[in-house]
Amino acid sequence: MAGRLDEDLKDVTLLGNQNTKYLFEYSPEILETFDNNHPNRDYFVKFNCPEFTSLCPKTGQPDFATIYISYIPEKKMVESKSLKLYLFSFRNHGDFHEDCMNVIMNDLIELMDPRYIEVWGKFTPRGGISIDPYCNYGRPGTKYEKMAEYRMMNHDLYPETVDNR
């Protein structure tokens, strides 16, 4: 199989762009996609994002997290540099941890219409408590909906050792 052609990547404008602008306000419109060349099979794509930051909506203090995004694509896939810039746009966004994870998941669902997706944020402790919100989605009426239910029921069954991340 040959590699991707330039015409296959016409919607990918940020990758390789040396004039990238970093946005400091929540910006879902920065997300870009490219075609999934393997729509006939299920496979996971996982992003490990260890430098996520946002702001507490009440105090304005910074929150830090590692975010894990896993999805099974259908026709479209998110381009990683656009995802990086999108996550960076949360830097001055004030929202609770749980809201940030759900917003990210909802934006990616709207962008790609994946078969399945999960987003898990592992936030560093503040005030002696770490918060690890997890959300997922499986396309309704499909095996992926059942998969989402199963993964939710079995999520995080075993306590972990928290070592201040």
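Using the three backbone atoms N, Cα and C, a Cβ is placed for every residue, glycine included.
Predicted, not measured: the structure shown is a model, and the values here were computed from it.
Taken from Swiss-Prot, the feature active site, thioimide intermediate covers Cys56, and the record attributes it to sequence analysis. As annotated by Swiss-Prot, active site, proton donor applies to Asp63, with the evidence given as sequence analysis. Summarising the annotation, Swiss-Prot assigns substrate binding site to Val78, Glu79, Ser80, His97, Glu98 and lists sequence analysis as the type of evidence.
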Query raised in the report: When a 10 Å sphere is centred on the Cβ of His97 (substrate binding site), how many other Cβ atoms does it contain?
Result: 20
Report task. Enter the number of other CB atoms within 10 angstroms of the CB of Glu79 (substrate binding site). Result -> 20
**Report entry** Lowest local Cβ density among Asp63, Glu98, which the record lists as recorded positions, within 10 Å
**Finding:** Glu98
Report summary line: Candidates Glu79, Ser80, Glu98 (binding-site residues); nearest Cα to Asp63 (active site, proton donor) turns out to be Glu98
Query raised in the report: Of all the recorded positions here, Cys56, Val78, Ser80, which one's CB has the most other CB atoms within 10 A?
Result: Val78
Query - DSSP state at Glu98 (substrate binding site), helix/strand/coil - result: helix
Report summary line: Expressed in angstrom and rounded to a whole number, the substrate site built from Val78, Glu79, Ser80, His97, Glu98 spans a maximum Cα-Cα distance of 24
Report summary line: As a whole number of Å, the Cα atom of Val78 (substrate binding site) is distant from the Cα atom of Cys56 (active site, thioimide intermediate) by 27
Report summary line: Ser80 (substrate binding site) and the residue listed as 'active site, thioimide intermediate', compared by Cα position, are separated in whole Å by 26
Query raised in the report: How many Å lie between the Cα of Glu79 (substrate binding site) and the Cα of the residue listed as 'active site, thioimide intermediate'?
Result: 28
Query raised in the report: Taking just the CA atoms, what is the gap between Cys56 (active site, thioimide intermediate) and His97 (substrate binding site) in Å?
Result: 8
